[in-house]
Amino acid sequence: MAAHGGSAASSALKGLIQQFTTITGASESVGKHMLEACNNNLEMAVTMFLDGGGIAEEPSTSSASVSTVRPHTEEEVRAPIPQKQEILVEPEPLFGAPKRRRPARSIFDGFRDFQTETIRQEQELRNGGAIDKKLTTLADLFRPPIDLMHKGSFETAKECGQMQNKWLMINIQNVQDFACQCLNRDVWSNEAVKNIIREHFIFWQVYHDSEEGQRYIQFYKLGDFPYVSILDPRTGQKLVEWHQLDVSSFLDQVTGFLGEHGQLDGLSSSPPKKCARSESLIDASEDSQLEAAIRASLQETHFDSTQTKQDSRSDEESESELFSGSEEFISVCGSDEEEEVENLAKSRKSPHKDLGHRKEENRRPLTEPPVRTDPGTATNHQGLPAVDSEILEMPPEKADGVVEGIDVNGPKAQLMLRYPDGKREQITLPEQAKLLALVKHVQSKGYPNERFELLTNFPRRKLSHLDYDITLQEAGLCPQETVFVQERN
């Protein structure tokens with residue numbers, strides 16, 4: 001049985017040697033040697049023989065010679081490795097095995113096959129711009145959307161979005177997450193998606209382990225993949241963020257975004273606007289305090305410069321000027337002060353001015369006092385310019401009713417009233433006047449005490465909670481204060 005098995009193996013070996021010699025034209029001894037080196041694998045022996053140039057040394061009959069040749073033949077077994085390398089550098093990679101890709105050295109070329117792209121560009125030039133849409137390799141299936149991507153940094157992408165008036169769409173890719181690869185394969189390759197991105201967005205794709213990707217992840221606190229977001233290129237504000245997307249959901253989400261925010265053209269497509277915030281009396285108190293302080297300072301300076309002239313006036317003129325503030329100079333100043341009063345009025349322009357009937361109504365008591373004046377004084381009085389209607393004075397006839405029994409020549413309290421409609425009014429009352437006088441004055445302006453309350457901001461106090469019989473001085477409203485009129489809660 002052993003002899004029969006040995007003869008069968010010998011005949012099989014002879015058959016292989018005969019086939020080897022027939023294919024290669026080598027001698028039987030060379031064929032036997034190559035088959036022994038390749039463990040009787042005819043295909044490998046023929047390949048190794050041809051790779052070696054078709055030349056093989058005759059094996060020696062001595063055992064020592066065989067032992068020296070065998071290590072050499074063992075090295076020859078490694079010959080197929082260059083064959084694999086040869087496929088990797090095949091000049092036509094579309095017909096070879098996929099290439100082992102080099103590490104990404106750029107923020108956008110992690111999956112790019114530059115050689116394939118060069119061939120594609122040459123084909124496009126030869127075909128007059130036509131693109132071969134047949135995907136022949138796995139690399140083509142998962143290739144990034146090179147034609148859509150902005151090839152630059154995050155900052156250059158924002159600048160490009162500002163110049164082209166387009167939103168900035170960010171795609172962070174994680175090569176370890178297959179869902180991210182599916183975005184390249186399914187979503188970014190869709191023609192409808194490409195069209196809407198080209199029209200409205202600057203598309204910036206970056207890999208999570210790149211320098212730019214790490215910086216973006218650290219700043220915008222990214223946690224889940226796949227990741228797609230839309231930013232305002234002018235401010236860098238993240239407007240929306242999506243994770244699980246297919247073609248239909250992407251188109252729905254983007255359509256909804258554009259319907260809400262529009263195009264970035266500065267008109268209907270302006271970025272998400274800040275909520276229009278109604279002007280609050282308390283929020284504006286700091287500005288009003290500053291204005292009141294400046295106005296009071298100007299009035300005090302002006303009062304000192306004209307006190308000498310006022311002393312020479314008649315008693316009747318003095319009585320008509322007891323409650324005058326910033327406008328007392330309108331009724332008594334000559335032409336020397338007209339320019340200064342006019343400049344002061346022009347410098348206090350406000351967006352809330354009411355130049356209608358109320359302006360004339362509030363100015364009337366000041367322009368028609370029952371006083372005796374000489375012709376020169378009357379001329380000056382009638383020729384004075386109009387003053388800001390928002391800085392008003394309590395008319396003397398009204399003041400007489402609320403300050404009976406009080407020394408009207410004593411110290412005054414200058415109050416700036418801020419109404420809910422944005423209008424301002426400055427009044428002057430004696431320090432010993434009751435708080436009730438102020439409440440009645442506000443009621444006369446159409447703000448009843450049942451619905452509206454008075455308060456100050458620094459310190460914050462609700463005057464409506466105080467005793468109305470206390471004086472303005474006791475209420476802490478002297479020498480000047482800003483009082484806000486607001487609706488009760």
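A Cβ is built for glycine as well, from the same backbone N, Cα and C atoms used for every other residue.
In summary, of the candidate residues Lys14, Lys134, Lys412, the record from Swiss-Prot lists SUMO2 cross-link for Lys134, whereas the others have no such entry there. Looking up Ser11, Ser248, Ser280 in Swiss-Prot for phosphoserine, the annotated residue turns out to be Ser280. Looking at Lys84, Lys151, Lys166, Swiss-Prot tags one of them with SUMO2 cross-link, and that residue is Lys84.
Between the listed residues Ser288, Ser324, Ser331, Ser335, Swiss-Prot assigns phosphoserine to Ser288, with no corresponding entry for the rest in that record. What Swiss-Prot records as phosphoserine, among Ser65, Ser189, Ser285, is residue Ser285. Note on Ser10, Ser278, Ser326: Swiss-Prot annotates phosphoserine at Ser278; no matching annotation appears for the rest, which is not proof of its absence. If you take every residue in the domain 'UBA' (2-54) and average the pLDDT, you get 81.
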